[in-house]
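Notes to accompany the following structure.
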Amino acid sequence: MTKYVLVLNSGSSSIKFQVLDPEANATADPFVSGIVEKIGEKKGHIQIQTETSKMEDNRPILSHSVGLERAFGMMTLLGVGPQDLDLVAAGHRVVHGGATFTEPVLIDDEVIEQLKELIPLAPLHNPANIDGIENARALLEHVPHVAVFDTAFFSTLPEHAANYAIKKDIADEYNIRRYGFHGTSHEYVSSKVPDLLGKPAEEVNQITLHLGNGASAAAIRGGEAVDTTMGLTPLAGLVMGTRSGDIDPGIIFHLARSGGMTVDQADKLLNRESGLKGMAGVNDFRELKTLIEDGDENAQLAYDVYIHALRRFIGSYMLILGGVDAIVFTAGVGENAVQVRRDAMADLQNFGIEIDDARNENSEGIVGAREISTDDSTVKVFVVPTNEELAIARQATELAEQQ
């Protein structure tokens, strides 16, 4: 009998989940996928998708617990309820593990209390993650629950990369350092590269580029992260869909003094109203492309700023690593935006990087990892589809089976 893992990602107004076979091929569809969204709004939405059927519910959803319980009930009606499956674990994505959690952990009451202590580090994400964990534990009491942290992969950062140049006692008191995010994705795709190159993992230097609505880059040496663009929070680094990425911190002081902006207003500005959306009015790359084709100058400038930031970090990481064997594009934009890949890698022949336009463009129908660099390119460029849910399922299974 196939053993399954329930993987949950609980957000502020939604819950996404999948039921997966942790031993399945990376390109296999999940056994069950579901979403609970618009929690707390007048009209909610729950959708459950199996290999053969789909069910939807548009009634109001008062809370996360109500939504998850209703979703499990719908799964039961489809014959794939949690009680019908041999669930070996429930894996929970948790955005911030701070310095406390540097690897997946089996969840108990003490772990939940420790997670609550980390809320100041991720006030936008961790409360919803914790809510999802508590609701799932209440509904699935006899299933081992495992937390997998976005930050864990970056616990290997050297001290000179992890620390900020601010007063040490303040940094220590408030746990201020570079934690990094998207770690599950960076770890997953980077683990595929040694086989693509035919080299031992410990000999591979690579730059991984997770480009979605949120975006981050990582420098990885011998399978361990040595630098990454996101920092204390997911706001730092690359230009993103709605986040500014790196800016001069003095901008915030200027807005506070000259414009009377509050901390909460600045938070909203930089996290939700900046990036591509702030500059061009849209954060979807397909819409941005349409605006550019229509001659929108703001959209073109937003795109140029995005590419400039991306190339700046790629160049920086090449120097930090002392040369690279591979550059990897992943996530929604990284996997699908042909022009972003082309422009990010343009005119780098002097650094041993050369894109094959045909390979870059003619990727429709190709499943799995693929090379988009030329045969003569000494630095290989790959597109590697990420699968964070499968990675979480495998890590949760491994830990649960050790108990």
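Easy rule for this one: first residue shown is 1, then count along the chain.
Placed from the backbone N, Cα and C atoms, the Cβ positions cover glycine too.
Swiss-Prot lists K16, H210, L211, G212, N213, G214, D284, F285, R286, G332, V333, G334, E335, N336 with the feature ATP binding site, giving sequence analysis as the kind of evidence. Counted within 10 Å of its Cβ, the other Cβ atoms near D284 (ATP binding site) come to 14, all protein chains included. According to its DSSP assignment, D284 (ATP binding site) is coil.
Marked as substrate binding site by Swiss-Prot: R93. Proximity of R93 (substrate binding site) to non-local residues of its own chain (separation of 6 or more, Cβ distance below 8 Å) is seen for V7, L8, N9, N129, V148, D150, T184, E388, I392, given in sequence order.
Marked as active site, proton donor/acceptor by Swiss-Prot on the basis of sequence analysis: D150. Other Cβ atoms within 10 Å of the Cβ of D150 (active site, proton donor/acceptor) number 26 in total over all chains.
Feature annotation from Swiss-Prot assigns site 'Transition state stabilizer' to H182 (among others). When secondary structure is read from DSSP and collapsed to three states, H182 (site 'Transition state stabilizer') falls in the coil class.
Taken from Swiss-Prot, the feature site 'Transition state stabilizer' covers R243 (among others). DSSP assigns R243 (site 'Transition state stabilizer') to coil in the three-state reduction, placing it in neither a helix nor a strand.
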Most Cβ neighbours inside 10 Å, all chains, among the recorded sites H182, R243: H182
How many Å separate the Cα atoms of L211 (ATP binding site) and R243 (site 'Transition state stabilizer')? 13
Counting Cβ atoms within 10 Å of each candidate's own Cβ, which of the binding-site residues K16, R286 comes out highest? K16
Packing count at V333 (ATP binding site) (other Cβ atoms within 10 Å of its Cβ): 21
